[in-house]
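Lifted from TrEMBL, the feature list:
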type	residues	note
DOMAIN	B:72-287	domain 'ABC transmembrane type-1'
DOMAIN	B:374-569	domain 'ABC transmembrane type-1'
TRANSMEM	B:20-41	transmembrane segment
TRANSMEM	B:76-101	transmembrane segment
TRANSMEM	B:122-143	transmembrane segment
TRANSMEM	B:163-187	transmembrane segment
TRANSMEM	B:224-244	transmembrane segment
TRANSMEM	B:264-291	transmembrane segment
TRANSMEM	B:326-350	transmembrane segment
TRANSMEM	B:370-398	transmembrane segment
TRANSMEM	B:410-437	transmembrane segment
TRANSMEM	B:443-462	transmembrane segment
TRANSMEM	B:495-515	transmembrane segment
TRANSMEM	B:548-570	transmembrane segment
Amino acid sequence: MIRMISAGLALLASAAAAQSPDPADWDAVLAEARGQTVYWHAWGGSAAVNDYIAWAGAQVAERHGVTVEHVKLADTAEAVSRVIAEKAAGRDEGGAVDLIWINGENFAAMKQQGLLFGPWVEQAPNWAFVDVEGKPAVTADFTVPTDGLEAPWGMAQLIFYHDAARAPAPPRSMPALLDWAAANPGRFAFPQPPDFLGSTFLKQALHELTPEPDVLLAPPEQTDYAAATAPLWDFLDALTPDLWRSGRAWPPNGARLIQLMADGEIDLALSFNPNEPSNAIARFELPETVRAYVLDGGTIGNASFVAIPYNASARAGAMALADFLMSPEAQARKQNPEIWGNGTVLAMDRLPPADRAAFEALPLGVAALTPEELGESLPEPHPGWMVRLEEDWTARYGLAP
Amino acid sequence: MSDAALAQRPGGPRLRGRALPWAPALTLAVMLGPVAAGLAGTVGPAFGWMPALGGHTLTFEVMRGLFDWPGLTRAALLSVGVGFAATALSLAAVALIVAGWRGTRAFGAMERALSPLLSVPHAAAAFGLAFLIAPSGWVARALSPWATGWERPPDLLTAQDPAGVALTLGLVAKEIPFLLLMTLAALAQARSAQGATTARALGYGRVTGWLKAVFPQVYRQIRLPVYAVLAYSMSVVDVAMILGPSTPPPLSVQVVRWMGDPDLALRFRAAAGALLQLALVLAALGVWRLGEIAVGRLGRRWAEGGGRGAPAVETALRLAGLAAGLLAALAVFAGLAGLAVWSVAGFWTFPDALPDALTLRTWERHGPRLGALLAETALIGAAATVLAMLLTVACLEAEHRHGLRPAQRALWLLYLPLIAPQVAFLTGFQTLALVVGLDGGRAAVIVAHLVFVLPYVFLSLADPWRAWDGRFDVAARALGAGPDRVLWAVRLPMLLRPLLTAGAVGFAVSVGQYLPTLLVGGGRVQTVTTEAVALASGGDRRLIGVHALAQAAAALVPFLAAVLLPRLIWRDRKALRHG
């Protein structure tokens, strides 16, 4: 009986998917989207982010008749697992995941395995406002071309934050960080690679310390990897004994850094969301004396995206939602530090004056940085560097007795 | 055809009698699919077979890659060491508690304090414990700066120590209540009071007498739960992530890391690691079994030696038992209390013993959603537990009436979901669910939970069931009762306490399921646990506090029932309360 029902459902699903939406005809996409339910698999670890996603869902329901269900994940890999299992079971239509919040290595892996639907992004109406020239990261995700398979919906940049009451003069370069840590042993920590924030710290340090940063944009095989990374290992050899717990235990992720800062265990930490310290202060998670800053030479930045799996059930609805997420209204709300405070992917000079005014009117969080203070972000190295750095770091420091 | 369908027809009981022999086969048929698929989903990729990710050839390269990983030896040793240490310590503590204090008022208090701890989810207990013992934790805050002189938390390694001591102790605190409850359920069938009284009358000390006269009978009944503790302690993930080391982590955690790595090629290595983990658990169970035999021999010699127990040693052992029980209860309770305070905390930093301000903000924000999540959690847990208990009782009764040993022996397969690392096991399991079209809904999630609930219900119930004195059966039959009447009127009522305990354990297992709910439910089914784990990844102790309390509350009701109902129903049947 169950088998019969499921066979029937599978037939229905494949019939619906046969008229897969044509992104060039956006009105048809919206017409098909009406009445669909989009299961959006997205990290659910932040109440602020969850609230924003709920708001976006309500907006899309009102405008396009699309129902959005936020499937809260602890890790994006769980959604990737689901799509892989569906592919293994031959379920090439009617998949459970309609939209994934994704970037970097997860995107590269899904793209390489052909697990994504598209291209569709550059036909979305709001793509016209996206800052393709000023923010190269929106079309090159960790240098991997997005090829219209994922829609950018936020900018992230590495920042450092410190408790000004306990550490009034934080270091603004990697050599300065080394001196600071020696003078304040145990008061700085970064998450254990391959956590992405920990890996980003490695890439940031490498960018600053390596003799020729330009080689990082090409795969590491195309250069003298050992020579390029030697200064990084020297730096880490000197730094690690002065880290929190002398490098014998590691915070698992960025969230733990906030906790350690609030507990008074560390005075200096890092984040990939420039507004995170302000948000955390508002939630009583950090003392009001915490301030954010970037290093003198600039810091690594990237974009985060949403993508549709190849076998998604509600592709049209997912496209309508993704387009809304790129709209000036949704982007301005997202950048509002009282809501979330995640940087926009849009180009101000492409926006109508009213929308631009909305961005200019946004408040700035107590510990937030202006776009001028953030400066130009440095590009992500080729993903191959991250893989090698994570392996080598683990061999050197991640298995310490 | 199911039992229920048969029972509706005239002459149901007679036919049911005929259907009963099939119960073990039916249970196996229901469970074998998921278990075999889960296993295949682990073994295949471990040898390079995973067509969905381009693995079309069988190869040993994946295994070689695993063994070339430099942290493997230490990760495996950690798993084994933590497993043995946690199991041995919790078993010893439970034995000393029961031996030294049974029948006293302190014992009643300890039992009441420890039983509800079982309903506290492992991860929540670990979070609570981590907050207690950190250098900036509650204990240090309470003592600083007036006693310690610390204005700032010191840079000391407490949780996450490389040897896994914090992890082991955390597991012990959580396993003592489990084993204690299992022991209490078993005592009724062991005629323990008689043995203990006789030993006392012969001049044995309380502890020595109990260990010599009663423990061997009891251990035979709680052997399976002890094995479960060993398997669980070796393969636990969530607690190990919070309290355990990370350079390297225990093998189970490393498997999860590989599984979650964006580099999809590492999923093959994850499967290979899972297979190794499975082999380690099986080997450890074998070693433990050998240990049982050795300890049994030594114990026999010790018992035959006739030593009555020196009073000083007796006192020391009793105090050790009391201390272990109190510490376990205190650790989990204080940890939970810490999370409860966090759930209403404003800003709260070192060295303040309490938050600056209290606020209901977090509860107001997340409370309204909790009702629906708790209802879904309860529905799924109740359905999975009832199904598991029906299957278990049918299997055990079939064994009793028909002596179905061969089929019974095959039932060890049911325990595979318990000893195979869940994250790898689920891959194949999920693929099977997709292939047969059973996924993406509540029914699918209930079946998925059943796979993990059934082994616990089975191992909780099997030994007390088998230890039931068959002479009651003979007596009832001689008085004219048929086998069904014996079951309903004599056996089930007499086994009320083990039944309720098994149900409570099963329900708690269901409440704790995260990955099966998420992956098999396809995100369509949200429970208090899927919400809790997702929010916990953000690390906000306030959110963790709210959801940990909700999770604990969800599992608490059945445990209270298991402790209180027998007392209520058998208030005039002293021997049935717990023997």
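Start at 1 and count along the chain as shown; that gives each residue its number.
In case you wondered, yes, glycine gets a Cβ from its N, Cα and C as well.
TrEMBL: automatically predicted annotations, no manual curation.
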Stretch-level contact, the transmembrane segment (B:20-41) and the transmembrane segment (B:548-570), CB cutoff 8 A, at least 3 pairs: no
The transmembrane segment (B:224-244) and the transmembrane segment (B:370-398) contact flag, 3+ Cβ pairs under 8 angstroms: no
Intrachain neighbours beyond the transmembrane segment (B:495-515), with Cβ under 8 angstroms and 6 or more residues off its ends: 118-119, 121-122, 178, 181-182, 184-186, 188, 377, 380-382, 384-385, 388-389, 392-393, 422-423, 426, 448-449, 452-454, 456-457, 460-461, 464-465, 468, 527-530, 533, 551, 554-555, 558-559, 561-562, 565-566, 569-570, 576-578
Result, the transmembrane segment (B:163-187) in contact with the transmembrane segment (B:326-350) (3+ CB pairs under 8 Å): yes
Segment proximity, the transmembrane segment (B:443-462) to the transmembrane segment (B:264-291), 3 or more C-beta pairs under 8 Å: no
Recorded stretch, among B:122-143, B:410-437, B:443-462, maximising Cβ pairs under 8 Å relative to the transmembrane segment (B:548-570): B:122-143
Cβ contacts the transmembrane segment (B:410-437)/the transmembrane segment (B:122-143), at least three under 8 Å, sequence gap 6 or more: no
